[in-house]
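Report on one structure; see the data block that follows.
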Amino acid sequence: MSACNLKNFFKRMFTKGEKPATGEPVRQFIEFDKNLIDKNAIKVVSIIHKAGYEVYLVGGCVRDLLLDLKPKDFDIATNAKPEQVNKLFKRSRLIGRRFRLVHVLFSARDFLEVATFRSGKVQTAKNGVIVRDNHYGRIEDDVMRRDFNINALYYDLQKKEVIDYVGGLKDIAAGEIHMIGNAKKRFAEDPVRMIRAIRFAEKLGSEMSEEIKTAIFKQAHLLGNISSARLYEECIKLFQNEYSFAVYEQLEEYGLLKYLFKQTHKNDFIKKACNNTSERIKLGKPVTPAFLFAVFLWQAQNERFALIKRKQRSFHLAQLQACDEAIVNQIKQVSMPRYLTSKIKDVWMMQSKLEKIQPKKVQSLLDNRSFRMAYDFLLLRSQSINPELKKAVDFWTKAQE
Ligand code: ATP
Ligand code: MG
């Protein structure tokens, strides 16, 4: 069912006054396009179902299916305990400390996550952050631990029914994002939910509730308590998509950006690079977080360089130090694997070499493994903050032919 059909469904439902009794979920028969559902997810659900357990697709995949979007991943929720799920699959493993989950493996990179219903009873630290969340529960409880109404829908593959306890269907149809429970409290429990709200608002073209907006404005600083490793994963989701720059602007507007990239300030280069990333994704071209991170930190690196150069005579050493300092500052907030930081440095260090063309060095630069990315970087600079680089770009464009 598409969003449009969903809207009609709700118009009918509410004009007829078919609201379910309180406490009872809405059950809506919906047949999704089979091609949009992961074959492995169908298999896993069917095996758990045949073993006699309750089992559903849940969360973002149901939301996306309702909107005719191809889900990024499929999450499965069941009343079977992790050990029971683990026994059903030869190739599966128990993971997680804060909460235990099962990964059913299909290949080295391909797995599905199966989670047992949790009660939502969470143990929080003094600052409100969840430290333990491992009490099993029923589906009614599992719903309440999820972040937004739109993310708390369950799909019964056997009955082809969406099960909605919180009004998620209505919110999807209306294009609204509402928190499950009190927004202030739920953001304090897990501040990452704030950046998730921003991301979903842009992805779905939806509007966050006033309660959510106010709570983010007031509590943006809590994002500063999140581990840099977790924020790395989240940053990739924030910016490597078709709506990258809109997310950037919203993060800035809500005061969240400085807890991810405190050295970054908006300019045309950033806009150009975010939009370029979105274009590449639409065309199915590969993208790497190294590129956007390099763009976000470029100005900071330049400013460091200008300062260091006053004392350091060697251009090369000053450049190296500036790169290191910009990166060290950044990974305090958002960590990055080493291969990424070394790629970023390569791209930065190559800029001055590409700017000043030295005939003897052309071939070795063309052969450099980071040439292509450094060239793209130079190109976007020339199309935004450094129009004077057009000549150099033209040279390198021809040199590749
Ligand atoms: P997408 O996969 O498109 O990024 P998603 O909603 O599927 O979006 P996931 O991170 O895959 O996001 O999480 C799956 C589901 O788990 C969510 O839909 C939501 O119900 C729940 N969830 C994820 N992160 C949180 C969180 N921080 N707090 C509460 N519930 C969460
Ligand atoms: Mg998901």
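For all residues, glycine too, the Cβ spot is worked out from N, Cα and C.
As given in TrEMBL:
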| type | residues | note |
| --- | --- | --- |
| ACT_SITE | Asp73 | active site |
| ACT_SITE | Asp75 | active site |
| ACT_SITE | Asp147 | active site |
| DOMAIN | 55-177 | domain 'Poly A polymerase head' |
| DOMAIN | 207-265 | domain 'tRNA nucleotidyltransferase/poly(A) polymerase RNA and SrmB- binding' |
| DOMAIN | 316-401 | domain 'Polymerase A arginine-rich C-terminal' |
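Distribution of TrEMBL features across the structure.
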residue: Asp73; record: active site; Cβ neighbours (10 Å): 13
residue: Asp75; record: active site; Cβ neighbours (10 Å): 19
residue: Asp147; record: active site; Cβ neighbours (10 Å): 23
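Straight-line distance linking the Cα atoms of Asp147 (active site) and Asp75 (active site), rounded to a whole number, equals 15 Å. Sorting each residue of the domain 'Poly A polymerase head' (55-177) by its DSSP state yields 30 helix, 41 strand, 52 coil.
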